[in-house]
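Remarks on the structure that follows.
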Amino acid sequence: MKLQLIAVGTRMPDWVTTGFQEYQRRFPRDMALELVEIPAGKRGKNADIARILHKEGEQMLAAIPKSNHIVSLDLPGKTWTTPDLATQLGKWQLDGRDVSLLIGGPEGLAPACKQAASQSWCLSALTLPHPLVRVVVAESLYRAWSVNNNHPYHRE
């Protein structure tokens, strides 16, 4: 199974890249974590945010293989505890499809991305910077995998 994290933004600070790659490398070969970066639209003083979101959304959706299960990361989504996420991960594995998780840019996700998603996950009620979300999602997915595989990484 492949977990595909599709995120807006291409130039992240080194700590974001290092943090994401640390959890990415911990996954076993049968549960690969892949990052697909979508270039952020140019935002300026008089930028047309709706147009930027639309373009980012089109690029995100184009990066998703047709058979993938799509999960948006969005404030109105469901909050999952670690055991909840482990259960979701187990269900996704049983479903037999790869999973694409969508992380929007500064203004969030395009409406088309939200509509395409069959699940929506609220990572936190707090507003988090989208670069940090990459690392938190990677760690959370690894922790969920460790729960499902009785790996000592997660402790109750």
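The count begins at 1 with the first shown residue.
Cβ coordinates come from backbone N, Cα and C, glycine included.
Pulled from Swiss-Prot, these are the features on record:
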BINDING   Leu73, Gly104, Leu123, Ser124, Ala125, Leu126, Thr127, Leu128  S-adenosyl-L-methionine binding site
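Sequence features annotated in Swiss-Prot and their locations in the structure.
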residue: Leu73; record: S-adenosyl-L-methionine binding site; DSSP (3 states): strand
residue: Gly104; record: S-adenosyl-L-methionine binding site; DSSP (3 states): coil
residue: Leu123; record: S-adenosyl-L-methionine binding site; DSSP (3 states): coil
residue: Leu128; record: S-adenosyl-L-methionine binding site; DSSP (3 states): coil
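Candidate binding-site residues: Leu73, Leu123, Leu126, Leu128. Fewest other C-beta atoms within 10 angstroms, Leu126. Spanning the residues Leu73, Gly104, Leu123, Ser124, Ala125, Leu126, Thr127, Leu128 that the record associates with binding S-adenosyl-L-methionine, the maximal Cα-Cα distance equals 16 Å. Figure note: comparing Cβ neighbours within 10 Å for the binding-site residues Ser124, Thr127, the maximum is reached by Ser124. Counting every protein chain shown, the number of other Cβ atoms lying within 10 Å of the Cβ of Ala125 (S-adenosyl-L-methionine binding site) is 8. Listed in sequence order, the residues of the same chain lying 6 or more apart from Gly104 (S-adenosyl-L-methionine binding site) and placing their CB within less than 8 Å of its CB are Val8, Leu53, Glu56, Leu73, Asp74, Ala110, Cys113, His130.
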